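Right, one structure below, let's go through it.
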Amino acid sequence: MPPVKAEELVPFPVKEQFRGIDYCIISPPPWLTTVFVGFQHYLVMLGTTVLIATIVVPLMGGGHEEKAIVIQTILFLAGINTLLQVHFGTRLPAVMGGSYTYIYPAVAIILSPRYALFIDPLERFVYTMRSLQGALIIAGVFQAVIGFFGIWRVFIRFLTPLAAVPFVTLSGLGLFYFTFPGVAKCIEVGLPALVLLVLFAEYAAHFFVKGSFVFGRCAVLVTVVIVWIYAEILTAAGAYNERGPITQFSCRTDRSGIIQGAPWVRFPYPFQWGYPIFCFQDCFAMMAASFASLIESSKIVYWYLNCGIKICRRNIRPTFGFLSWSRLAGKFGAVLASIPLPIFSALYCVLFAYTAGAGLSLLQYCNLNTLRTKFILSISLFLGLSIPQYFRVYDMFFGFGPVHTHSVAFNVMVNVIFSSPATVAAILAYLLDCTHLYWEASVWKDSGWHWWEKFKSYRHDPRSEEFYSLPYGLSRYFPSL
């Protein structure tokens, strides 16, 4: 082996965008690619939607029909929110969907003693749903106020790459308890999905069939189709006939009950379960989840700003079509929603890992040769995993969180915030970065502040107007700062 040359012993240069990026936000791919990639977005968020409904609806007293309607409603509203976000929001090509963060306060509301008086399960489901609607409306207003009045912008202006690394990284790593444990619930279906996705996306796309449309663009779709057919064969062959109910529910393709419960056609309309009920405690509990999800969703901005993108806005628009069609044609969405959940868990093993990788890529802007940088990174990452794990284990053993005062709303608020790894990591990293030796000039450079300075204002980067200006001339009435 030849000796290493001196000019080769230099660090890798900082890159604001990855190599091999196929499309920017405004460069549209061919329509065939657009449709297939949009359908992949739909499949990915479908798993989260089904999992949320599977956890929440039975606790509310709902059956298969109620679960199917809840799934279809979430999908339809996700499509509406995605369309509005792409045109009038941040304009980033991101699909809106349900969040795991809201499960904890939703379950706390559902298990409230005031619902134990209902004997009829359907009546209990409707009344609980109305309470959830009221709490979610207030939580949505809370988040809208924070965004409209620029409160979140003030927080973002003081955020450095160093403080962003822990919370973006733990936005992916912090969901580890949803991923491989879900795969293991049906290992004969979940593990092949995980292996095939890695092979298709990272090996076949680069080595065996370089530049392939099937593997380079549609690895998720190909994986889901193959493993779903494989699961159908196992189900039809009777592989799970003698297995326990939990295994059958996770592995079989005919056990979810969604197909039977879903209506053929059902047009959405507001307050389909009745007018919302606003309860003081429920609203504050859901507002805490809204705050946590606000922090977790901020990772999307840093993913696109610092890691580049492989999709554009056109890819998201077909997703809106699939989401809306799933709501109108109930059986269509129900068939896809019957895909075994371990397949989705396998997808998330890879996709959440990519999110964690996006957070780690921000380290290129930081000076890793200082004790301050190492301290902030290590303490926020470690406690960002350790504190939420303590809260989850405590709740698992005792049935309630570590904070259990006489105020139920306060208990849920604290338990929700400190059960979110990304939220805990963000709070710790932000506070430490803004207080520890913050007055020293060298600290700003070590934290990578100067790299993001041009993104602090809308007019500092010439690409802002091209990428993020509102359509139909609305930027004149809603100027960005």
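Placed from the backbone N, Cα and C atoms, the Cβ positions cover glycine too.
Annotated features in TrEMBL:
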type	residues	note
TRANSMEM	39-61	transmembrane segment
TRANSMEM	68-88	transmembrane segment
TRANSMEM	100-119	transmembrane segment
TRANSMEM	131-152	transmembrane segment
TRANSMEM	158-178	transmembrane segment
TRANSMEM	190-208	transmembrane segment
TRANSMEM	214-240	transmembrane segment
TRANSMEM	345-363	transmembrane segment
TRANSMEM	375-392	transmembrane segment
TRANSMEM	412-432	transmembrane segment
Report summary line: For the transmembrane segment (412-432), the distant same-chain contacts (Cβ-Cβ under 8 Å, at least six residues beyond its ends) come to 101, 104-105, 108, 155, 158-159, 162-171, 173-175, 281, 284-285, 287-289, 291-292, 295-296, 299, 375-377, 379-381, 383-385, 387-388, 391-392, 395, 401-403
Query raised in the report: Have the transmembrane segment (158-178) and the transmembrane segment (214-240) got at least three CB pairs under 8 Å, pairs 6 or more apart in sequence?
Result: no
Query - Contact check, the transmembrane segment (214-240) vs the transmembrane segment (68-88), 3+ Cβ pairs under 8 Å, seq sep 6+ - result: no
Report summary line: Long-range Cβ contacts under 8 Å made by the transmembrane segment (100-119), restricted to residues 6 or more beyond its ends, are 48, 52, 55-56, 59-61, 127-128, 131-132, 135-136, 175, 178, 282, 285-286, 288-289, 292-293, 296, 408, 412, 415-416, 419-420
